[in-house]
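Taken verbatim from Swiss-Prot:
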TOPO_DOM  1-29  topological domain 'Extracellular'
CARBOHYD  ASN4  N-linked glycosylation site
CARBOHYD  ASN16  N-linked glycosylation site
TRANSMEM  30-52  transmembrane segment
TOPO_DOM  53-66  topological domain 'Cytoplasmic'
TRANSMEM  67-87  transmembrane segment
TOPO_DOM  88-106  topological domain 'Extracellular'
DISULFID  CYS105-CYS183  disulfide bond
TRANSMEM  107-128  transmembrane segment
TOPO_DOM  129-149  topological domain 'Cytoplasmic'
TRANSMEM  150-172  transmembrane segment
TOPO_DOM  173-193  topological domain 'Extracellular'
TRANSMEM  194-219  transmembrane segment
TOPO_DOM  220-246  topological domain 'Cytoplasmic'
TRANSMEM  247-270  transmembrane segment
TOPO_DOM  271-289  topological domain 'Extracellular'
TRANSMEM  290-311  transmembrane segment
TOPO_DOM  312-343  topological domain 'Cytoplasmic'
MOD_RES   SER329  phosphoserine
MOD_RES   SER331  phosphoserine
Amino acid sequence: MWPNASSLGPCFRPMNITLEERRLIASPWFAASFCLVGLASNLLALSVLMGARQGSSQSRSSFLTFLCGLVLTDFMGLLVTGAIVVTQHFVLFEWQAVDPGCSLCHFMGVIMVFFGLCPLLLGAAMASERFLGITRPFSRPATASQRRAWTTVGLVWASALALGLLPLLGVGHYTVQYPGSWCFLTLGTDPGDVAFGLLFALLGSISVGMSFLLNTISVATLCHVYHGQATAQQRPRDCEVEMMVQLMGIMVVASICWMPLLVFIAQTVLQSPPAMSPTGQLSRLTERQLLIYLRVATWNQILDPWVYILFRRAVIQRFYPRLSTRSRSLSLQPQLTRRSTIH
């Protein structure tokens, strides 16, 4: 693939880094602590979710199903990728010696793309579900909401996996990245690398943008109903407000964690002159920027469960007591029905 890499597998690029430099960059204790905190956070969120699903309404049950899918994805992402990265940081093995055929690198590249895109796609799916639930409450059969939610989660997983497998089918490449402890898509000039990098960045960015648009409309609708001429019995339920607060939190976390990396990938593959030399080497600045943005993106897997844990109704009521004292409504449907009748 690269002129001076004929004796190596297709996942190896030139990378000038000493063992001492790798030790300074890749702290095994930090990586292990990071993974343990993330795994514990997601397990805690799963236990809270299991309790919340008992006796929940149809709309809330569907939303909690999406949340379960999101937390499970984050947990498995930390578990699988963390096992590889933490082992590499402790042992400091040479990837060429352990994985000359690039099988491990290809596997890690697939799961990095899969577990990276899934939270963004699930966020967009959750935003769509809440948008329809708030603005079109009669457009879907309530009895099928939970089954439909799991089907949607499965489709998201399948779509992200299909995208992650593209480099194994010849569209782009997965290569070992600086400082030699992880694999990801290649920020090169090859048409396949450019196409795959742009596809990954655009799909992630569109998911974030779609979440922002639909969540904004949903929040505006809730505010209109809440502050309109509706009686107390026609105002949004506490759970409607709770779900939107959690969804907005998930969207903000995903935007802060992932948008820098997505923008950086798009800018780098489109950069002129190219960021990667003909020999397959990136500048040290570009390599370090990619590593920093990737580390920021991985915080999404730790922060997601805490958005649900901290933004539950019981916690919100501590800071906003009015939420527990005001009259609880039956649903949004009376007000929305009246509006649709008028129009």
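We count from 1, first residue shown onward.
Backbone N, Cα and C define each Cβ position, glycine as well.
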Segment-level pLDDT (mean, integer) for the topological domain 'Extracellular' (271-289): 86
ASN16 (N-linked glycosylation site) and CYS183 (disulfide bond), Cα-Cα, nearest whole angstrom: 16
Helix, strand and coil counts within the topological domain 'Extracellular' (271-289) (DSSP): 6 helix, 2 strand, 11 coil
Among 67-87, 107-128, 150-172, 194-219, 290-311, stretch most in contact with the transmembrane segment (247-270) (C-beta, under 8 angstroms): 194-219
Candidate ranges 67-87, 107-128, 194-219 - greatest C-beta contact count to the transmembrane segment (290-311) (under 8 angstroms): 67-87
Counts of helix, strand and coil residues, the topological domain 'Extracellular' (88-106), according to DSSP: 12 helix, 0 strand, 7 coil
Chain residues in Cβ proximity to the transmembrane segment (194-219) (below 8 Å; excluding those fewer than six residues from its ends, i.e. six or more beyond): 113, 116-117, 120-121, 123-124, 126-128, 130-131, 134-135, 163, 166-167, 171-172, 185-188, 244, 247-248, 251, 254-255, 258-259, 262-263, 265-266, 268-270
Chain-internal residues near ASN16 (N-linked glycosylation site), provided their CB is under 8 angstroms and they sit 6+ positions away: GLN281
DSSP-assigned states of the topological domain 'Extracellular' (173-193) in counts, ordered helix, strand, coil: 3 helix, 8 strand, 10 coil
Positions whose Cβ lies under 8 angstroms from the topological domain 'Extracellular' (88-106), at least six residues beyond its ends: 8-12, 19, 22-23, 26-28, 31-32, 167-168, 174-176, 180-183
Tertiary contacts of the topological domain 'Extracellular' (173-193), as residues 6+ beyond its ends and Cβ separation under 8 Å: 1, 10-13, 15, 17, 21-22, 25-26, 81, 84-85, 88-89, 94-95, 102, 104-106, 108-110, 112-113, 167, 200, 265, 268-269, 274-276, 280, 282, 284, 286-288, 290-291, 294
Other CB atoms, at most 10 A from the CB of CYS183 (disulfide bond): 26
Chain-internal residues near CYS105 (disulfide bond), provided their CB is under 8 angstroms and they sit 6+ positions away: GLY9, CYS11, TRP95, ASP99, TYR174, THR175, VAL176, CYS183
